[in-house]
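Enquirer: The structure follows.
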Amino acid sequence: MTNAAVEEVCSNDDNNSSSRERYTEFMEDSCCARNCLGPKPSIARFIYAIVFLVTCLLAWTIRDYGRNALSELERLKGCHGARYCLGAEGVLRISFGCFLFFFVMFLSTVGTKKLEDSRNFWHSEWWPAKIIIWIGFMVVPFFMPSAFIQFYGKFAHFGAGAFLMIQLISVISFITWLNDRCSDRNARRCRYQVMVLSVAAYVASILGIILMYIWYVPSLSCRLNILFITLTLVLLQLMTLASMHSKVKAGFLAPGLMGMYIVYLCWSAIKSEPQTEICNKKAAVATSADWLIIVSFVIGVLAIVIATFSTGIDSKCLQFRKTEADLEDDVPYGYGFFHFVFAMGAMYFAMLFVGWNAHNTMQKWTIDVGWVSTWVRIVNEWLAILVYIWMLVAPPVWKSRRQADSV
């Protein structure tokens, strides 16, 4: 081989190697590489939310359209031909499978602190294996006896209650955090914007109460609705007075946002009343418009997923003391807490689909309807007010006690 040929081969090798290097650098800097390659906890949480959404839709499909298929399974003969029981059991079985999946993920990721931990890779990668596990957990509960599923349905009440409590603390923590940031000295330049937002939130709360009187109190015979709405108005004023106390001085923003939250809880409670009630005129309008039922159902399912997702990534809401600043190699959110909330959320969506009662007959395209659902929402509203007022009053009380002890 001549020297010219050798030089040409060597130059081709150099060009190929440089091309490979440029290609590698391009792939490493590309958007696809940044978002798809390697463990990405920020992307993983959205994938888990999609899995949770698919599970919710599967449970709804089983409840509304899978009764004929379920009636053929020998394992479900405990229902004795009761069609509502078949639909409710189908929801509970899907819920149990979803609970098992996220509880296994909780056990396998709890305590993960650093990105270099192997459990971080398990949380953020291995999706084919986890999808296979999820499918297995969706199938296995349908081979379990009805007695066990009914027991799980009773146990799910406690899990759903725990989910509501964690969600409640998360919402209140966010509101108090936002109020503290807006009350900071560095935020004085935004005091006018904060004032406008506070007044708007308070006015929106009052407007919501007025609309509930118009929609859900067509006559004075609707005493329960009058009680719920009036008590919400009174508690709103109580929260405002507690926030404006001289020893608290929390301002108007926090009670305004909390007012919107408790008005929403009161509205959702009254909306959950059975549609046969004459006081629930909005429900009667919904039953006459199929598209409105479907839209309400879709919004309800999305609200479940969003509430579970937002609560799951807020692992610091249960930390009642300041912690050290996060380091670069720390995980962005608590994996164990994230999966635990989703496990409790699996029980929560089951209770919504069956109206918190496995023997309740649920109509198609309905969610969270029944007297049990109504009282769960109302109790949740009252707990929200108690927790919020306690978070306002507790620091001054502890401070005064420390001063008294020091004297």
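Every residue gets a Cβ built from N, Cα and C, even glycine.
Note that the structure is a prediction, hence the values are computed from the model and not measured.
According to TrEMBL:
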- 43-62: transmembrane segment (TRANSMEM)
- 90-110: transmembrane segment (TRANSMEM)
- 131-152: transmembrane segment (TRANSMEM)
- 158-178: transmembrane segment (TRANSMEM)
- 199-218: transmembrane segment (TRANSMEM)
- 224-243: transmembrane segment (TRANSMEM)
- 250-270: transmembrane segment (TRANSMEM)
- 290-313: transmembrane segment (TRANSMEM)
- 333-354: transmembrane segment (TRANSMEM)
- 374-393: transmembrane segment (TRANSMEM)
Enquirer: Return the stretch with the most CB pairs under 8 A relative to the transmembrane segment (131-152), choosing among 90-110, 158-178, 199-218, 250-270, 333-354.
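Expert: Between the candidates 90-110, 158-178, 199-218, 250-270, 333-354, the best contact partner of the transmembrane segment (131-152) is 90-110.
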Enquirer: The transmembrane segment (158-178): which same-chain residues, six or more beyond its ends, come within Cβ distance under 8 Å?
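Expert: Residues 99, 253-254, 257-258, 261, 307-308, 310-311, 314, 316-318, 341, 343-348, 350-351, 356, 376, 380, 383-384, 387-388, 391 contact the transmembrane segment (158-178) from elsewhere in the chain.
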Enquirer: Out of 199-218, 224-243, 250-270, 333-354, 374-393, what stretch is closest in contact terms to the transmembrane segment (90-110), meaning most Cβ pairs under 8 angstroms?
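Expert: That would be 333-354.
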Enquirer: Does the transmembrane segment (374-393) reach the transmembrane segment (199-218) with at least 3 CB pairs under 8 A, where each pair is 6 or more residues apart?
Expert: no
Enquirer: State the residues, same chain only, that lie 6 or more residues beyond the ends of the transmembrane segment (199-218) and have a CB under 8 A from a CB inside it; answer 'none' if no residue qualifies.
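Expert: The answer is 225-226, 229, 232-233, 236, 240, 252-253, 255-257, 259-260, 262-264, 266-267, 270, 278-282.
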